Amino acid sequence: MRVNKKYSCLPAEEKGIHIINIRAIEDIGYDQHESTLLNSLSKNPDADCKYGLYFRDGKRKVDYILVYHYKKSSAGRTLARRVHHNDASARSAKQDQPLPGKGVQLEMGESEPHVDYHEDDKRFRREEYEGNLVEAGLELERDEDTKIHGVGFVKIHAPWNVLCREAEFLKLKMPTRKMYQINQTHGLLKKINSVIQKITEPIQPKVAEHKPQTVKRLSYPFSREKQHLFDLSDRDSFFDSKTRSTIVYEILKRTTCTKAKYSMGITSLLANGVYSAAYPLHDGDYEGENVEPNDRKLLCEEWASYGVFYKYQPIDLVRKYFGEKIGLYFAWLGVYTQMLIPASIVGIIVFLYGCATVDENIPSMEMCDQRNNITMCPLCDRTCSYWKMSSACATARASHLFDNPATVFFSVFMALWAATFMEHWKRKQMRLNYRWDLTGFEEEEDHPRAEYEAKVLEKSLRKEHKHKETDKEKLTWKDRFPAYLTNFVGIIFMVGLTFAIVFGVIIYRISTAAALAISSTPSGRSSVRVTVTATAVIINLVVIIILDEVYGCIARWLTQIEVPKTDKNFEERLIFKAFLLQFVNAYTPIFYVAFFKGRFVGRPGDYVYIFHSFRMEECAPGGCLMELCIQLSIIMLGKQLIQNNLFEIGIPKMKKFIRYMKLKRRRSLDHEEHMKKKQRYEVDYNLEPFAGLTPEYMEMIIQFGFVTLFVASFPLAPLFALLNNIIEIRLDAKKFVTELRRPVAVRAKDIGIWYNILRGIGKLAVIINAFVISFTSDFIPRLVYLYMYSENGTMHGFVNHTLSSFNVSDFQAGTAPNDPMDLGYEVQICRYKDYREPPWSENKYDISKDFWAVLAARLAFVIVFQNLVMFMSDFVDWIIPDIPKDISQQIHKEKVLMVEVFMREEQGKLQMLETWKDKDKKKGENCNSHSPRLSRSHSGSLSSCHSYPLDV
């Protein structure tokens, strides 16, 4: 009965009955008439405990919930109720059960000869683990008689002494009594700030935590010996719900279950199915009539609503409810979205500049002029015929919208924008660290993961079997070598799979273009390039979305077989693998169009073939930049619309519906239970478990790559990213508040490895944009022609300069067009885009000098652009300090004030000691010998020293 006493929640005179199994007065043993009368007169017990937010006594708050499954038939529950109603001796039988809530199974044991040893093992482990939790100071209460049949809940409460002890162990900074004035701006800056506050007042959330503060409490790591420093007038609210759940979770992680040679914490027990879930509770309901005000409801109204999309986020309230790690994610997402506003404005200006100057662009005008009568060589063998360059007029005009001198300026601007964004975030992060009392926080080594402990145990057992003396075991690189090899081979295979799929899409483009060229309709032949490009991009998009989900699962599996020691190591390795695979998956088709398409085509009469039958595809006469723009825009918008928004809305709702239908099928409830209001922990159990922030960061990092890496080809990318993020913030907020179980609050002072990934993408963006401008666009060839070959200093003749000539008599056998008279006249010379010698020269079809001049200019531009922009980015990084000046002053001020507080405390103690000594001397002068009364007075004065309340 020792375990039963630990779970007892009633006063001493009522300990004969377990409150764990009591859901209504009728379960105690009254007959139906009496129980109905008492229920009608008594207060609703569920309302007393605020429907699961408190223990049954209505005083102790539920800080954490453990959920487990148990096998118990509905017939057994009905029979048990009949026994309890009709036989008063049921109470005595209930007292003799080995575990709380298992009396019915003992009664039914005679009629059920089958024994489930696996379930018994889980029950024994739960019994030992919960006993250890009670020994650690936690208070537990069990509830198995719920609306969810076969699911039991263990409610956990951390009393005051446990909270104080753990807060001291975790070095939690708590606000003291001491308050100080925050430095305010003066003069012109103060007036400017007041004007800005008045202007932005309509877009500020109506949350108390978001209002500007003029005073701040001095924070200090909690210490039980220095409790007099802290304001403990209201102990119930001193540790908020976020802090309480964090403390309980730390105890759950380090408490072990050692039965059957297992050393298991809560993570291992969850992995082995001993418990099915563990989570803190939400503060209450967020919608409905007569809902008590709570932080969750406030977040739903002022944050997780599409109607407040134009308002700032209440980041301090988000941090208060979800913890620092999630608060930093939403703060970073908010800063990123704000920084997209100037980038979007500049991108729109660049696009409008292209629209305004399209009619003044001489190369596109020459391509559209039918009087030039330029006959182009066929785009494929046999089935394709000769075509007029003027038929590509629309493509050439559209290319100018994105391929103009302003795009070079925009590439430089976006590189500096990325550097400014990173610096702005670092400063914002320091402000949040100061506001959230994280300035001196250092992450300590986390507890080992359950899988790591299991592997270490397995290794030690093998050595014990071989009779070897072993010290404390740990996994070495030799133990992990098979996993490392599997990771290497798996990643290489998946990267190769991505390349193979892109290659397959290339084959599709080539074969489809040849098939459509056979079309007898002129409209079909004229729209071949657009049709092939659009369908190929859609295929790429579908493949990318599917492979993203597959690669996410494979990356998690590869990380699991590595068996990282801590959760932090696991998360970092998972992020690296997932980012690498998704980066390759998302950008490989774009890299192909930007840097490889049209580069290895060959020339008429000597084309490069794939599988001896498929000719490599060429770029349009206006270049590949327009096709790159189409590819980038469709993939970016498709991923944002389908993957980021529809999936985030649809999949959680679908999972919630499936879980609801499963529970509905498993229920066997009477009418009375069906009419009862669900407890808070039952409602939260039906929500989707929190799966971490990796998917949220990943989609934003991939989007950041779309915005920065190829921005020279798509200036409107920041605008579409901004529109997506405005929805994304509220979508994620709604998901966290309404669709997910409340996550355990995790302290963090930065966004971790994601910052390094962002910096890497920012550096890579400079290099990629330099190559896009140099090799994908016609910017460099135009400059070379303008300053080296133009006769009158204009772009007239540029198109003719970029085209080479080919004598149709030099076609290889079987490659000439089947219908050479398709244009209505016989063609002798056709043109193709390349820098080669004409057929009438001595070295016909060799690469000309113009090609080498353009190549040298392109490489020189890459080197100059890359070094210049890198220097400017580093200059921005250097000139903007990481820590704002006012924050560094406030941090220094806090340190000085804390030293003053402790110095004053020491001086107070010394003065008190001197006062006592003076009193003792006076008493000694009056008396020749010490009396017992004097000794008692002296000891009393010493004891008062320890309880002296110091007003700081």
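Positions of Cβ are set from backbone N, Cα and C atoms, glycine also.
No curator has checked TrEMBL annotations; they are predicted automatically.
Features as listed in TrEMBL:
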DOMAIN    54-315  domain 'Anoctamin dimerisation'
REGION    79-121  region 'Disordered'
COMPBIAS  111-121  compositional bias 'Basic and acidic residues'
DOMAIN    318-894  domain 'Anoctamin transmembrane'
TRANSMEM  329-353  transmembrane segment
TRANSMEM  406-425  transmembrane segment
TRANSMEM  484-510  transmembrane segment
TRANSMEM  530-554  transmembrane segment
TRANSMEM  574-595  transmembrane segment
TRANSMEM  700-723  transmembrane segment
REGION    921-952  region 'Disordered'
COMPBIAS  929-952  compositional bias 'Low complexity'
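Of the Cβ pairs linking the transmembrane segment (574-595) with the transmembrane segment (406-425) and spaced 6 or more residues apart, fewer than 3 are under 8 Å, so the two regions do not touch. Taking every recorded stretch in 406-425, 484-510, 700-723 and counting its Cβ pairs under 8 Å to the transmembrane segment (530-554), the highest total belongs to 484-510. Within its own chain, the transmembrane segment (329-353) is flanked in space by residues 312-313, 315, 318, 401-402, 404, 406-407, 409-410, 413-414, 417, 420-421, 424-425, 428-429, 432, 693, 696-697, 700, 704, 707, 711, 715-719, 721-722, 725-726, 728-729, 732-733, 751, which lie at least six positions past its ends and keep a Cβ under 8 Å from the stretch. The predicted model assigns the domain 'Anoctamin dimerisation' (54-315) a mean pLDDT of 77.
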